[in-house]
Amino acid sequence: MIPAAWERRHVLSLRDFTVAELDIVLQTAHSFQEVLSRRTKKVPTLQARVVANLFFESSTRTRNSFELAAKRLSADILNFAPGTSALTKGETILDTAKTFWAMGAEFMVIRHQQSGVPQTIAAEMDRLGGHVGVLNAGDGCHEHPSQALLDLFTLCQGFGSDRPRSESLKGKKVAIVGDIRHSRVARSNLYSLKAAGADVHLAAPPTLLPKEFDCYGATRHWQVEPALEKANIVMTLRLQRERMDQHLIPSLREYHQQFGLTRDRLKQCHPEVKVLHPGPVNRGVEISSDLMDDPHFSLINQQVASGVAIRMALLYLMGNYHTGPLT
Ligand code: CP
């Protein structure tokens with residue numbers, strides 16, 4: 001498995017990902033999904049190489065699936081808990097990253113509540129000439145590339161043939177509904193879905209869907225109904241109360257009444273509509289609890305499962321970039 005056109009040391013943003021690169025990630029993940037279905041779910045690809053999971057902000061899905069992906073590739077993994085680290089004694093983020101680099105980390109998976117931290121660490125690693133690949137695992141309101149890639153993988157598997165390709169989403173109507181303003185998931189998905197040729201519609205109250213989103217080539221709606229009309233895919237997003245420093249919605253109850261995804265609202269969509277949510281979910285706010293748990297519509301568990309194969313693919317491709325082809 002030696003992918004042809006992969007030339008990225010870091011994965012920080014999907015902004016300039018080509019369709020060819022998206023397809024390399026999808027097809028590599030597809031191969032790893034086959035590995036994950038075997039009795040022995042492990043390959044020696046990253047044996048003795050060190051992956052540092054530097055999560056400065058809380059996470060369940062992303063942190064654990066990067067850890068499992070690294071373990072499935074036989075890497076050594078260093079986890080980091082900010083609350084019990086030397087950060088509490090005043091060490092800087094860059095000095096923290098350099099400490100892991102000095103221990104031999106070749107991959108750094110970074111989550112931070114401030115936009116731009118993974119980019120800053122990547123620039124410092126490049127300056128040191130350390131051959132470290134940095135993965136953005138979600139930075140502030142900026143981007144969450146591996147989430148959008150696992151969403152793409154989940155959707156292409158649903159709509160495509162036996163090997164997932166981004167072109168299977170061409171012309172599909174995708175409604176992204178929720179707190180788009182604060183969503184790094186929405187921003188990364190806008191890049192990948194538009195590159196795949198999907199017809200993307202955004203729906204949120206005006207306070208959560210500012211004009212800056214016009215530049216992404218999606219259609220903006222301040223009501224949910226036109227976005228849902230005949231949609232093939234609905235991606236609901238969490239209301240990020242921790243990032244709301246003003247009163248941007250009247251109440252959670254009113255938000256649910258106007259924008260919450262329910263079985264009734266889903267009737268406006270395509271009969272075969274599929275529902276995604278990156279998690280964590282505010283049950284009964286952005287999506288009704290029963291709909292979230294209905295496997296006929298909800299792909300939420302498949303999204304989580306896809307995350308391991310996608311993160312194996314990213315580690316593999318990045319590892320390939322700086323050492324030459326891996327076995
Ligand atoms: N989707 C996502 O990023 O979830 P976590 O915050 O649990 O990683």
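Residue 1 is the first one shown; counting continues down the chain.
Heads up, the Cβ atoms here are built off N, Cα and C, so glycines get one too.
Mapped onto three states, the DSSP output places His144 (carbamoyl phosphate binding site) in coil. Residues or ranges marked as carbamoyl phosphate binding site by TrEMBL: Arg61, Thr62, Arg111, His144, Gln147, Gly279, Pro280.
In the three-state DSSP assignment, the secondary structure recorded for Arg238 (L-aspartate binding site) is coil. Summarising the environment of Arg238 (L-aspartate binding site), the number of other Cβ atoms within 10 Å of its Cβ, over all protein chains shown, is 19. The annotation L-aspartate binding site is assigned in TrEMBL to Lys89, Arg184, Arg238.
With helix defined as DSSP H, G or I and strand as E or B, the domain 'Aspartate/ornithine carbamoyltransferase carbamoyl-P binding' (9-156) counts 71 helix, 28 strand, 49 coil. Residues or ranges marked as domain 'Aspartate/ornithine carbamoyltransferase carbamoyl-P binding' in TrEMBL: 9-156.
Here TrEMBL flags 170-318 as domain 'Aspartate/ornithine carbamoyltransferase Asp/Orn-binding'.
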Binding-site residues whose CB lies under 6 angstroms from ligand 1, from Arg61, Thr62, Arg184, Gly279: Arg61, Thr62, Gly279
Span of the carbamoyl phosphate site, taken as the largest CA to CA distance across Arg61, Thr62, Arg111, His144, Gln147, Gly279, Pro280 (Å, rounded to a whole number): 15
Mean of the pLDDT scores, which run from 0 to 100, over the domain 'Aspartate/ornithine carbamoyltransferase Asp/Orn-binding' (170-318): 95
Integer Å distance between the CA atoms belonging to Arg238 (L-aspartate binding site) and Gly279 (carbamoyl phosphate binding site): 7
Cβ-centroid neighbourhood (8 Å) of the carbamoyl phosphate site, Arg61, Thr62, Arg111, His144, Gln147, Gly279, Pro280 excluded: Ser59, Thr60, Ala137, Gly138, Val185, Pro278
